[in-house]
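Asker: Before anything else, here's the structure in question.
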């Protein structure tokens, strides 16, 4: 793949986001910030689930690991935020490796329930290890990010920064998708036996996808901590893992654009359903269900031909069309 | 010693509820292949069906319990039509997200109907207390264990002694072959969902007097039922019973002897340990590598 697509994705995110940031009120900017941070986490989840086919219900725990790492390093040890963020991301990657080596031997719903168990355990520890995590009171007074002396305290300037990170994350993800490593992940998802026959080291590719997804999660978590400047265990419960997965499935798994659209839609949907009053969450569930039934390949699948199926397995007419498109 | 007896009975009682929830979950999983993440909300609906019939409608308990279970059976059939039929050909994750989405709807519908204030569901035997070796034991806890044992016996009779149950097992084993043998596959699949909803309803009615009836009670029960199924063995009915009792006992004993804050970590830690060392659980399905 050429470098053009990732650059285009990044540019579109920046332009659309900058335009929106001039039009919206502070409250909607805050939601947009949350959507952008979720989008980073969901692009990460897309490596594990969308490409490598690993059902992870523990993604929020990695977001939490990034957030708690940043919070502890800046409040307990008074590190600079810019130093704490890479350290927390690296720590989360190591954690993902330690968790991934034993757990990734499992498949399908076994892996789903094991990662769910990991997420629940993370929440229990975060809520009860009071000396370190502050228990359910959480950690407050996390310092704000500063760029060249300008503190990112208001929603608009933080959004600009979050969009920049999102654009870079999406572009890097698009590059990986187009590379040998991305194709190896997709091959492992489609057929493990066949891909190991062609010389792909399946456990290694799975672990790489899992660790990569945790790195994105930790970046999102660290930025979340600097944005809210207060974190508590309920921000990283397993319900959030399911939300991330729902964002990806609603947007269209295996698609970076879909991950971003899903994060936006699921973040803003409760807002748009507010006219339903206190019933909005009940309708939210039905709405997600309707998308699953009527748009089986998600929002990103709307523009694709019908024969381009959800699994990414193409029927032959689509294959012919795709090969025609590929010619110069 | 008297403490221990009391704890054991309470652990068995709460474990029985988890076991019934896990059995419902396993029946649906083995018949339809659906990992039902709304299983906890089913139990919550059972409790609130009891609240509606016994507290709001003030029915006498035999009528109220019957009406609550009838409502649950109808709900199981509705779930089959609204969720399972449209999504049955979808990948596993789509169905998982679908059941989660329905679960969110169920929880919030209950919240709208009953409010966030917890209810106390009465038990028909709550005035009865037994004394065994100096330990005072609530009649409800004993009744829960007895009812669960009865249900397990009835299920065994259904699955091994009636043509209906044998048909359900045939569908669970091989849908195509079952259809070729002339079984009414869809009807039997619907029956699995109804049975699961009924078991969840019974679990909910028995749980109501032990916990407060609260619309957010579904998620913790679902997690315990998942842990029970993994420990006992995915897809195995005896496994669901053993797993449920184990989770219940470890929760109650862990809370009083180890740490009440970390009591849930014990069952989830053991669940993850089982996944790593013996993923098929105590009695579980043989795991195939679908290459």
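Just so it is clear, glycine is given a Cβ too, placed from its N, Cα and C backbone atoms.
Quick paste of what TrEMBL says about this protein:
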TRANSMEM  B:6-28  transmembrane segment
TRANSMEM  B:35-57  transmembrane segment
TRANSMEM  B:63-85  transmembrane segment
TRANSMEM  B:92-117  transmembrane segment
TRANSMEM  B:137-159  transmembrane segment
TRANSMEM  B:188-213  transmembrane segment
TRANSMEM  B:225-249  transmembrane segment
TRANSMEM  B:261-277  transmembrane segment
Asker: Out of B:6-28, B:92-117, B:137-159, B:225-249, what stretch is closest in contact terms to the transmembrane segment (B:35-57), meaning most Cβ pairs under 8 angstroms?
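Answerer: That would be B:92-117.
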Asker: Hey, would you say the transmembrane segment (B:225-249) packs against the transmembrane segment (B:92-117), going by three or more CB pairs under 8 A that are 6+ residues apart?
Answerer: no
Asker: At a Cβ cut-off of 8 Å, and with pairs 6 or more apart in sequence only, do we get at least 3 pairs between the transmembrane segment (B:188-213) and the transmembrane segment (B:92-117), yes or no?
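Answerer: Counting Cβ pairs under 8 Å, fewer than 3, so no.
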Asker: Quick test of the contact rule: Cβ under 8 Å, at least six residues beyond the ends. What residues does that give for the transmembrane segment (B:6-28)?
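Answerer: 34, 36, 39-40, 42-43, 135-137, 140-142, 144-145, 147-148, 151-152, 155, 192-193, 195-200, 202-203, 206-207, 210, 221-222, 224-226, 228-229, 232, 234-237, 239-241, 243-253, 256.
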Asker: In the same chain, which residue numbers or ranges, 6 or more beyond the ends of the transmembrane segment (B:137-159), come under 8 angstroms Cβ to Cβ?
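Answerer: Distant Cβ neighbours of the transmembrane segment (B:137-159) are 5-6, 9-10, 12-13, 16-17, 19-20, 23, 123-131, 165-166, 168-169, 199, 202, 206, 209-210, 237, 241.
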Asker: Counting only residues 6+ away from its ends, which parts of the chain sit with a Cβ under 8 Å from the transmembrane segment (B:92-117)?
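Answerer: For the transmembrane segment (B:92-117), the far contacts come to 33-38, 40-41, 44-45, 48, 51-52, 79, 82-83, 214-216, 218, 222.
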